[in-house]
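**Q** Mind having a look at this structure? Questions to follow.
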């Protein structure tokens with residue numbers, strides 16, 4: 001791409017790319033034709049200046065154009081965190097996904113192996129017996145039959161492999177940490193996204209609005225968690241009816257208590273899988289409560305609950321009735337069929 005030098009020169013001068021320039025730039029970066037120097041230079045220039053809403057919107061458009069799609073119902077939701085919050089916590093959004101599915105909302109969960117924690121969504125689900133190496137058609141069948149399916153990011157975003165080695169060598173967060181959660185292969189229009197820093201809450205909601213999302217909550221816990229936290233307030237930007245608004249929520253808004261020193265420490269995939277299964281099977285602890293808060297918000301985004309308190313109440317019903325645990329059993333069975 002001869003124009004790429006012009007794009008790099010623009011980035012080197014500290015200038016921002018337009019949405020169309022970002023589409024073209026990321027098309028080149030993910031084409032297999034970009035050199036490691038070009039990839040590293042572009043990613044670091046954006047990172048140092050701070051990526052803009054237009055750049056992220058353009059990059060996501062390119063990611064979505066190149067991804068292998070999954071068929072899912074129009075009302076499907078995703079509950080996902082960017083990761084990279086450095087907390088090494090249990091898998092909150094993965095647990096919340098089963099609670100949401102148990103409440104009757106189809107879930108198209110997008111995720112990957114661990115980035116900064118010891119165990120990502122893919123690691124935990126594999127440890128629970130879910131077959132994560134599925135074709136897009138098989139994932140679609142999981143969503144249709146079990147009400148929940150897991151899309152393993154590398155299988156649906158093959159173009160990402162071209163930037164993988166450079167990202168690893170850079171060893172720092174780049175725009176790609178934000179692109180994954182925004183590039184759900186099932187094209188869900190309703191999302192609950194946790195981000196690793198407060199300053200990303202509003203811009204990510206704006207990107208979702210630009211790309212035609214119906215409803216979303218983008219959240220960041222005041223303790224640094226890329227989820228709604230149990231330890232204090234959480235910053236939220238909500239997208240509803242084409243309008244974004246920002247506010248904070250506390251556990252009390254969901255009918256739960258703030259726990260100053262919530263024990264959400266995670267271990268390896270086996271330990272985190274056991275902790276997740278325990279919550280689905282009725283154990284009451286901090287992990288259950290934080291999963292309920294996040295599931296409650298996802299149920300608001302799904303249009304199933306009017307507010308966080310009602311969402312949490314529906315989540316409790318999903319757990320206590322055994323419906324959430326049934327969803328895990330069904331996903332294991334269908335994914336291995």
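The backbone N, Cα and C atoms fix where each Cβ goes, glycine too.
According to Swiss-Prot, the protein carries these features:
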{"type": "BINDING", "residues": "81, 84-85, 89, 91-94, 109-117, 121", "note": "5-phospho-alpha-D-ribose 1-diphosphate binding site"}
{"type": "BINDING", "residues": "81, 112", "note": "anthranilate 1 binding site"}
{"type": "BINDING", "residues": "93, 227", "note": "Mg(2+) 1 binding site"}
{"type": "BINDING", "residues": "167", "note": "anthranilate 2 binding site"}
{"type": "BINDING", "residues": "226, 227", "note": "Mg(2+) 2 binding site"}
**Q** Let's check the environment of residue 227 (Mg(2+) 1 binding site): how many other CB atoms sit within 10 Å of its CB?
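**A** Neighbour count, Cβ to Cβ under the 10 Å cut-off: 30.
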**Q** Which binding-site residues from the set 167, 226, 227 come within 10 angstroms of residue 81 (5-phospho-alpha-D-ribose 1-diphosphate binding site), judged by C-alpha positions?
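**A** Within 10 Å Cα-Cα: 226, 227.
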**Q** Tell me which of the binding-site residues 89, 110, 112, 167 ends up closest to residue 227 (Mg(2+) 1 binding site) in space, Cα to Cα.
**A** 89
**Q** Which is it, of 89, 93, 112: the one of these binding-site residues whose Cβ has the most other Cβ atoms within 10 Å?
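**A** Highest number of other Cβ atoms within 10 Å: 93.
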**Q** Among all the protein chains here, how many other CB atoms are within 10 A of the CB of residue 226 (Mg(2+) 2 binding site)?
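**A** The Cβ of residue 226 (Mg(2+) 2 binding site) has 28 Cβ neighbours within 10 Å.
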**Q** Report the nearest neighbour of residue 89 (5-phospho-alpha-D-ribose 1-diphosphate binding site) in space among the binding-site residues 112, 167, 226, comparing Cα positions.
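**A** Looking at Cα distances from residue 89 (5-phospho-alpha-D-ribose 1-diphosphate binding site), the smallest one goes to 226.
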**Q** If one measures from the C-alpha of residue 226 (Mg(2+) 2 binding site) to the C-alpha of residue 112 (anthranilate 1 binding site), what distance in angstrom results, rounded to a whole number?
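**A** About 15 Å separate the Cα atoms of these two residues.
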